[in-house]
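Listed in Swiss-Prot for this protein:
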BINDING   Ala127, Ala128, His129, Ser130, Leu131, Gly132  NAD(+) binding site
Amino acid sequence: MKLLWTSQHIKVTVHIDGKVSKMDVLEAIKTRRSIRKYQDREVPEELIDKILDAAMCGPSAVDERPWHFIVVRNREMLEKIPEVHPYGAMVKDAPVAIIVCCDSSLEKIPGFWVQDCSIASQNILLAAHSLGLGAVWTGVYPLEDRVEGIRRLFSIPEHVIPFSVIPLGYPAENPGTRDLFDPDRIHLEKW
């Protein structure tokens, strides 16, 4: 069995034949935080490939897999994102951003692409965290001004909807973890 990668941040070892020797997914979920400050350090292409592989491993309605991803490393383009996204200031300091998009021509069940792209976005965040990177989800859809701004900036065709922009890089901050479990939000059997 040939080793593909190992994470030092969560207990994950993946081998080329697809077998996982150990994994602590709950730790990744509970310790992932939104990271908005990044070190001035490039993210290797192989890590981006692993992150995108994880994004595409998410479930999707009737397996339509409507997602497309734009990987942005060009500094000039990264610095333009906050001009069309009011909450995208952190993108200017990130070495890379991934724009998650939906190709509406791939839709089999109208509207379910939002769930599919949400899952892909969450997988990007978790995969980045597991690889020692920090990331933050900045929403684009459903706000039309953001959708049109990102579409225009990246020459995205009309049938493709930009869903989220996820800047990522090596963290330059550690916001710590916190317990978000709230039993008051749980209802048994009925509301």
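Just so it is clear, glycine is given a Cβ too, placed from its N, Cα and C backbone atoms.
Not measured: the values here are computed from a predicted model.
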With an 8 Å cut-off on Cβ-Cβ distance and a minimum sequence separation of at least 6, pull the same-chain contacts of Ala127 (NAD(+) binding site), or say none.
Lys50, Ile51, Asp53, Ala54, Ala55
The most crowded of the binding-site residues Ala128, Leu131, judged by neighbouring Cβ atoms within 10 Å of its own Cβ, is Ala128
What is the Cβ neighbour count of Ser130 (NAD(+) binding site) at a 10 Å cut-off, with all protein chains included?
26
Here the 10 Å Cβ neighbour count for Gly132 (NAD(+) binding site) comes out at 13
